[in-house]
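According to TrEMBL, the protein carries these features:
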type	residues	note
ACT_SITE	TYR142	active site, proton donor/acceptor
ACT_SITE	LYS172	active site, schiff-base intermediate with substrate
BINDING	THR50, VAL214	pyruvate binding site
Amino acid sequence: MTTTVSHAGIWPALLTPLNADLSIDIPKFAKHSKALIDGGCAGVTPFGTTGEGPSFTVAERRAALEGLIAGGVPAERILVSTSCAALPDTLELTRHALSVGATRCLILPPFFLKGVPDQGVIDSYRYVIDGVADARLRVVLYHIPQVSGVRLSHQVISTLRLLYPDTIVGLKDSGCTRADSVAYAEAFMPGMQVWVGNEPDLPTMGARGSLGAVSGIANVMPHLVGRLALAQGDEAAHRDLQRVRAFLDILGGYGMTAAFKAIMAILDGDAGWRRVRPPLVALDDAELARIEAQMAAFALDRQQD
C-alpha cells in the first residue's frame, strides 16, 4: 500500500507555530504544512482547536492563509476553520477563503452564548452560507461541545442538509463519544462524510465507511493515523491502536496543545515550536524534560508513525 493511498482522507489539524512576539510564524507554518502534504496527507486544516484558531484575529488568519498558499500549499488542499465568536467575522473569513481558492471551510456553531436553541444554530450557519452566496463553498460542520458548549443536534444537521445539500458536505465530530459518532454516521452517511477527531475511534468509524480524519495526532504521526483510518481489525491494526493510545496517555499529562508543540520542538530540534498564545501556557523546563524522556521511551519513528 502506498503512502498516498493510506493518507487519502487524512487532514492534520495543524499546530500554529509562533514567533517570539507570539505572531504567527508563517514560513514555518507553510513548511510544516507542505511536509505533511508531501508525505501523503490529503490536505491540512489550519485554525481549529489544536491550532488555537480563536486566539488569532481575522487579519492574522487572512494573512496566514495567504502565506500558506504563497508558500506552496495548494488552496484546494486546505480545509480552513473560519469560526469566530462574531458571525460577521466568520463570514469575512469564509469569503476570504473562497477568494483565494480555499473552498473547504470548517465552521463551528456560535460558541460564546450558551443554551441557544436549534433554530439559533441553524440561523447562524444560514447567515454565513447565504452571505457568502458562492456555489463553490463546501462546509464541514464542527462538533466539539466540550469546548464550544454547543451541540450539533441531528435536527440541525438534517435541516442544513435539506437547505444546502451541495454545500454541507461533512461533519467533524470531536465530541470524543463513540456512541454519538456512530449515531452521526448511521444517520448521515453516505450522503455526507463524518470524521472523528478521537483517533482511537478511527477503526470503528472506518468500518462504517468513514475513511478519513481531521486529526491533531497527524501533525506528528500521519502514517499511523492513515493506517488506523483504513484498519481491518488485524494484529497490525491492534498494535497501531495501542500505540496511539500510549501517545494520548503522554499528552494527557499536560495541556494538549502545549504538549503537542513541545513534542514538535523535540522532534524538529526547534525550541520555537514550544510557544503558545495566552491563555494557553507552554510547558516549563521540568515538564519539557519529562515529556522528552517519555517520547524517548515511546521512540516515535517519523518514517513509520
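Just so you know, glycine gets a Cβ as well, placed from its N, Cα and C.
A TrEMBL annotation is a machine prediction, not a hand-curated record.
The structure, with features from TrEMBL marked on it.
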residue	record	Cβ within 10 Å
THR50	pyruvate binding site	26
TYR142	active site, proton donor/acceptor	26
LYS172	active site, schiff-base intermediate with substrate	27
VAL214	pyruvate binding site	28
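TYR142 (active site, proton donor/acceptor) and LYS172 (active site, schiff-base intermediate with substrate) are 5 Å apart (CA-CA, integer value). Between the C-alpha atoms of THR50 (pyruvate binding site) and TYR142 (active site, proton donor/acceptor), the distance comes to 13 Å. DSSP classifies the residue listed as 'active site, schiff-base intermediate with substrate' as strand under the three-state reduction. Distance from the CA of VAL214 (pyruvate binding site) to the CA of the residue listed as 'active site, proton donor/acceptor' is 10 Å.
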